[in-house]
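Pulled from TrEMBL:
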type	residues	note
TRANSMEM	A:33-60	transmembrane segment
DOMAIN	A:34-264	domain 'ABC transmembrane type-2'
TRANSMEM	A:72-105	transmembrane segment
TRANSMEM	A:117-141	transmembrane segment
TRANSMEM	A:153-172	transmembrane segment
TRANSMEM	A:179-198	transmembrane segment
TRANSMEM	A:240-261	transmembrane segment
Amino acid sequence: MRSVRYTPPLWRQWNLVWNFAQRDLKSKFKGSALGWAWSLIVPLATLGIYTVVFSFIFRAEPPDLGNGRDGVFVLFLFAGLTAWTFLASSINGGISGLIGTGALLKKIYFPPYAPVLGAVVAVGVQSLIELGLFLSVLLVLGNVGWSWLLVPVWAAVFTTFTVSLAVIFAVLNVTMRDLAHLVTIALQLLFYATPIIYPLTLVPEHWHSVPLRVLIEWTPFSQFIQVFRGLTYGLDAGSWMSWLTMVAWAALALGIAALVVRRRGGDLGEEL
Amino acid sequence: MSEPAIRVEDLSKVFRLHTERRSSLKEIVVRGRSRRAGSFQALEGVSFEVPRGTTVGLIGHNGSGKSTLLKILAGVYRPTSGGVVVDGRVSALLELGAGFHGELTGRENIYLNGSILGMSRREIESSIQEIIAFAGIGEFIDSPVKVYSSGMYVRLGFAIAVTLDPEILIVDEIIAVGDEEFQRKCFDHLFRLRNQGTTIVLVTHSMGLAAELCDTAVWLDHGHVRAIGPAPEVISEYLGAVNENEALSNDEPGMIRAGLDAVRSGSGEVQVRAVEALDQLGRPLPVVLTNEPLTLRVHFDVKVPVRDVTIGIGFIHENGTGIGGSNTREHGVPIQLEPGVGYIDYTTDRLDLMPANWRMSTAVRSHGHVYDMLEKAFPLPVRSSGGSTEGGAVRIHGRWGAAVQEDSPSTAPSAATP
């Protein structure tokens with residue numbers, strides 16, 4: 001005898017998660033003439049706009065490439081933007097994914113995190129395309145190093161962190177619908193508070209005796225993005241401290257996500 | 001006795017009622033968390049067991065907690081206290097095509113819906129041809145489901161559900177929406193599963209279906225189990241209570257007035273006022289039951305003396321078909337009427353109309369002249385005192401003989417021996 005809410009272990013639910021991801025991906029591009037091409041055009045366009053604004057108008061100075069050549073601002077930006085887009089789109093996608101699946105949760109029981117995971121996977125597919133494009137360009141420029149081998153490890157930790165945040169916000173948003181709007185604002189703020197479009201060295205060390213640079217450096221988002229940029233653009237494996245910090249943040253987020261799902265996830269069929 | 005397939009133990013479900021839902025952060029911050037203004041006890045202390053391979057029907061009036069219980073069995077809601085344990089793979093069919101995404105094609109939706117229903121990719125792939133054939137929607141399978149008609153939508157949803165091979169099926173009767181053919185397909189499928197030994201829990205409002213399909217029935221009343229036992233007994237008990245309630249809510253028992261939408265025609269020298277339903281002792285009959293004696297008393301007003309009048313009554317089924325009727329001339333009753341009020345009785349020893357919301361027409365005429373005509377004006381709900389498994393609008397009279405097996409050597413000794 002078992003409970004009616006029998007939930008198979010996570011890896012056995014891949015089919016469901018992947019089908020939710022396919023739903024998100026297919027419905028996103030269905031009916032548009034360029035279809036999948038948009039998943040490349042949109043990030044490239046964003047990249048182009050930031051490049052024009054920051055390298056021609058503000059004349060930002062990117063750090064040198066890992067192989068010693070002069071820095072290329074577009075690539076510097078590309079690294080940070082790819083990682084950030086994955087995080088932000090996953091959180092937003094997870095929130096709308098769970099709300100969009102609400103009617104279904106009233107009819108059939110499945111773990112409420114499944115559509116959120118599906119949304120993250122859908123975003124991840126696009127991020128992988130961007131990552132491939134980015135690494136190809138670096139390869140052409142001869143900026144390749146052993147640090148690239150750590151990229152999958154970094155991706156695993158970052159994905160855990162991102163998935164956990166997406167699940168936390170998506171589940172909490174069902175009972176507190178304002179969260180979606182707050183998250184939008186918070187993500188915008190964090191985008192500028194994270195060294196994505198500017199190098200950390202541009203941040204003043206102190207601002208009215210507030211150690212601004214240290215604060216920004218050690219936010220979880222900065223750590224993930226700086227390490228990724230270090231691995232790919234700077235060919236730098238990153239410090240033990242940075243890696244420990246990232247793993248700690250990911251573990252904390254995962255723990256909170258598990259707690260939220262256990263506390264709030266059970267009755268979503270009634271709340272949605 | 002073997003282990004039950006489903007065991008429900010002291011199950012209760014309380015829904016919180018907020019006078020005003022404060023689901024946004026601002027409201028919570030500004031006005032504080034909403035007090036738990038009240039709660040609604042949808043189920044209280046419900047316990048029963050469903051033996052393996054049997055079919056159980058959940059019956060009860062609207063709001064009795066049937067759907068809540070069904071959703072708890074399906075895992076959609078969590079019980080407030082008590083619990084449900086099952087032994088086997090549970091599939092729930094509360095709505096067909098619930099997980100369809102409009103932009104995706106039928107084929108893509110088969111994969112999505114199948115995985116939501118718990119099928120693995122391999123299971124879906126091995127049965128996709130069967131699903132497409134069963135749905136019978138032809139080339140539309142590769143069009144987005146947003147262009148589907150509602151009929152195609154449920155057909156595809158049902159085709160996916162059919163390929164599920166559950167050990168325990170939780171099913172809501174309302175899945176059988178659509179045309180007659182589709183409904184029959186749905187019920188055929190339920191019968192097939194039942195014969196294969198699937199344990200089925202069914203919510204239904206159709207007592208005929210419940211009597212035919214279910215071994216046992218659970219009658220829920222305001223969240224409590226009022227009766228549980230063999231389906232025919234529980235159904236009769238339930239119908240008895242329903243009929244009694246209907247009678248109590250009627251302040252003028254037995255009297256049937258013309259509906260507000262009734263259209264009266266004719267010259268008006270004689271007019272029918274009302275029809276009264278009476279039992280064999282002449283007492284008002286609050287609920288008209290099939291297969292029971294019935295007298296219909298037609299009350300009329302007469303304004304001027306009329307000669308050679310024929311009074312007729314007709315019965316129209318709820319689907320609009322006129323099933324039959326009777327008039328005084330056919331029965332050779334000559335009628336002469338003087339000014340004033342009066343009535344005439346039409347009596348049957350056994351009402352052959354089957355349970356349905358019937359309507360009656362009345363007519364008063366003479367040699368082709370119409371004095372008064374009220375078409376489909378009088379509502380006549382006919383109810384049953386037990387779940388009837390015979391379909392149709394009227395009872396057909398006839399007898400069945402015993403079954404004879406012609407090719408069985410033990411019962412049919414060769415007649416051809418010389």
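Positions of Cβ are set from backbone N, Cα and C atoms, glycine also.
No curator has checked TrEMBL annotations; they are predicted automatically.
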Same-chain residues near the transmembrane segment (A:240-261), Cβ under 8 Å, at least 6 residues beyond its ends: 111-113, 154, 157-158, 160-161, 163-165, 167-168, 171-172, 218, 220, 223-224, 226-227
For the transmembrane segment (A:117-141), which recorded stretch in the set A:33-60, A:72-105, A:153-172, A:179-198 gives the largest number of Cβ pairs separated by under 8 Å? A:72-105
In the same chain, which residue numbers or ranges, 6 or more beyond the ends of the transmembrane segment (A:33-60), come under 8 angstroms Cβ to Cβ? 73-74, 77-78, 81-82, 85, 126, 129-130, 133, 197-199, 202
Outside the transmembrane segment (A:179-198), at least 6 residues beyond either end, the same-chain residues with a Cβ under 8 Å of its Cβ set are 50, 54, 60, 77, 80-81, 84, 88, 91-92, 95-96, 169, 172-173, 216-217, 219, 221-222, 225-226
